[in-house]
Amino acid sequence: MLIDEAAEASSHISGMKLYLIVLSLLLAVFCVALDNTILSVAIPRITDEFHRLNDIGWYASAYLLTTCAFQLLYGKLYALFSTKWVFLVALCIFEVGSLICGVAPSSVVLIVGRAIAGVGSSGIFTGALVTIAHIVPLAKRPVYMGLLGGMYGIASVAGPLLGGAFTNEVTWRWCFYINLPVGGVTAVVILFLLRIPKSADLRTHGAWEMLKGLDPLGTIVFTPSIICVLLALQWGGVDYAWSNGRIIALFVLFGVLLITFIIIQVLMKDKATVPIKVASQRSVACASVFVFFIGASMFVMIYYVPIWFQAIRNQSPVQAGIDSIALILANTAGAIISGAVTNKTGHYAPWFIVSSVIMSIGAGCLTLFTVDIAQSKWIGFLFLYGIGVGFGFQQGAVAVQAVLPMAQVPIGTALIWFVQMLGGALFTSVAQNIFSTHLAENLANLQLPGLDPEAIVGAGATGFRQLVQPEYMDQVLVAYNAALLDVFQVALICSCLSILGAVGIEWRSVKQNR
């Protein structure tokens with residue numbers, strides 16, 4: 001085995017040492033999740049400074065591309081090498097990327113920094129879950145995973161709020177500088193307090209021999225395949241028509257590389273980046289389906305609910321973040337409640353179904369938003385959706401750790417987190433295309449004199465008001481709201497489809513031996 005099962009119990013800790021390590025992991029996860037959304041508010045100031053409007057899309061996609069592309073590689077690294085040192089290296093890369101972004105003298109340097117930060121971030125959340133697996137007994141892990149899931153949700157929704165505060169009060173560069181002291185605290189705690197015994201294989205063969213088990217061919221094929229599909233979805237229908245040769249070539253290349261990667265995984269067997277016996281294990285496969293769709297639904301809502309507040313209710317990004325607190329609180333409460341109850345009962349499988357059902361009902365309610373909806377309704381709808389997501393957000397990782405031997409937990413955990421991120425990345429791009437297309441169509445159908453649909457689409461969630469004559473504003477808001485509801489319907493469909501994975505989860509208990 002790659003990880004010595006006999007050493008698992010010896011690495012469990014408790015008391016103040018455990019709390020400090022968990023707190024440091026929460027801080028690291030907070031920074032990683034914050035980076036997904038914090039920049040959205042700062043982009044106008046960045047473009048004012050660098051004068052590169054065409055680079056706006058890359059500020060987010062550079063981070064997202066590398067975050068997704070390196071997920072599975074980190075799973076293999078955590079399986080082969082010291083969890084402590086792999087995590088610290090990932091954190092260091094993330095910090096270097098954040099520093100480059102903070103001091104960036106040009107738009108190109110900022111994009112490079114975002115890409116480097118993404119490489120580091122792809123190993124941090126997985127590393128936090130793997131660390132919990134090492135230091136906490138299986139029966140007690142759900143509540144700690146719930147805390148990590150809750151923190152990720154808090155940071156994702158709070159990003160625009162903090163980004164607005166930094167941009168308005170100091171400088172947009174603090175959107176990145178904030179990661180440095182927080183990451184530094186995490187690094188110090190992990191460096192001095194975390195002690196995980198070396199795996200039997202690492203003690204026997206050494207680091208150089210273990211490097212041969214990294215499946216370099218699989219990584220070389222897999223990484224560009226993910227970049228190709230994400231670029232195709234990022235550009236398709238926005239920068240280039242779907243029929244454009246560039247988009248078609250990217251999709252074809254993605255398909256060829258993905259098929260090649262699967263063949264390599266089959267041939268490599270246990271040495272593969274994702275061994276087939278891990279990916280095909282019933283709970284792992286079903287959890288992957290579940291988290292793909294819950295990730296898709298959640299990220300679509302995280303990005304577009306604040307846009308609804310800004311566009312329809314004419315709120316600032318900061319106020320939109322404040323009004324999204326119902327979603328934050330519900331998500332956090334759901335994650336902690338499900339983790340605590342699972343700790344008590346041992347059963348995690350019911351939460352998959354509960355999450356899918358409540359999340360779907362909440363998403364359905366969000367598709368009922370109107371321009372003049374009452375505050376009590378949108379607060380209740382956001383809370384219902386948020387608690388549904390919270391119930392299931394971390395359950396995939398719990399299921400994987402319950403059914404896989406410790407040697408395969410890092411790979412299974414990385415797979416789950418990769419699929420969850422991929423679902424969010426893919427459907428956020430799909431939602432963007434649907435929103436832009438439907439908004440332009442809705443505005444064109446109004447046939448209002450002097451109204452330029454393309455200009456309004458490009459003006460953003462608040463800037464469009466300056467392009468609309470007051471007497472036409474009510475009609476434009478209805479058209480804008482309808483386009484956003486089409487996006488919410490994408491999240492609703494994904495929420496409903498998550499049940500396909502939920503019903504297949506094996507009914508096991510974290511209180512039983514694997």
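Every residue gets a Cβ built from N, Cα and C, even glycine.
Pulled from Swiss-Prot, these are the features on record:
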- 13-33: transmembrane segment (TRANSMEM)
- 61-81: transmembrane segment (TRANSMEM)
- 85-105: transmembrane segment (TRANSMEM)
- 116-136: transmembrane segment (TRANSMEM)
- 146-166: transmembrane segment (TRANSMEM)
- 174-194: transmembrane segment (TRANSMEM)
- 218-238: transmembrane segment (TRANSMEM)
- 289-309: transmembrane segment (TRANSMEM)
- 321-341: transmembrane segment (TRANSMEM)
- Asn343: N-linked glycosylation site (CARBOHYD)
- 351-371: transmembrane segment (TRANSMEM)
- 378-398: transmembrane segment (TRANSMEM)
- 411-431: transmembrane segment (TRANSMEM)
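Two recorded stretches are said to be in contact when at least 3 C-beta pairs lie under 8 angstroms, sequence spacing 6 or more; the transmembrane segment (351-371) and the transmembrane segment (289-309) meet this definition. Below 8 angstroms of C-beta separation, residues 36-37, 40, 153, 156-157, 160, 315, 317, 319-321, 323-324, 327, 352, 355-356, 359, 363, 366, 369, 382, 385, 389, 392-393, 395-396, 416, 419-428, 431, 435, 461, 481, 484, 487-488, 490-492, 494-495, 497-498, 500-502, 504-505 of the same chain, each at least six residues beyond the ends of the transmembrane segment (289-309), sit close to that stretch. Count of Cβ pairs under 8 Å against the transmembrane segment (218-238): among 116-136, 321-341, 411-431, the largest is for 411-431. Most Cβ pairs under 8 Å with the transmembrane segment (378-398) belong to 146-166, among the candidate stretches 85-105, 146-166, 174-194. Within its own chain, the residue listed as 'N-linked glycosylation site' has Ala139, Lys140, Pro142, Val143, Val510 as residues 6 or more apart in sequence whose C-beta sits under 8 angstroms from its own. Residues 2-3, 35-36, 90, 111-112, 114-119, 121-123, 126-127, 130, 199, 201-202, 207, 210-211, 213-215, 219, 222-224, 226-227, 230-231, 234, 273-274, 407-408, 410-415, 417-418, 421-422, 425 of the same chain sit 6 or more residues outside the transmembrane segment (61-81) yet have a Cβ under 8 Å from a Cβ within it. Taking Cβ pairs closer than 8 Å, the transmembrane segment (13-33) reaches residues 91, 94, 98, 121, 124-125, 128, 131-132, 135-136, 144, 147-148, 151-156, 159, 178-179, 182-183, 185-186, 189-190, 193-195 in its own chain, all 6 or more past its ends.
If one looks beyond the transmembrane segment (411-431) by at least 6 residues along the same chain, the residues whose Cβ comes under 8 Å of a Cβ in the stretch are 64, 67-68, 71-72, 74-76, 78-79, 125-126, 129-130, 133, 226, 229-230, 233-234, 236, 273-275, 278-279, 281, 284, 287-288, 291-300, 303-304, 396-397, 400-401, 404, 487, 490-491, 494.
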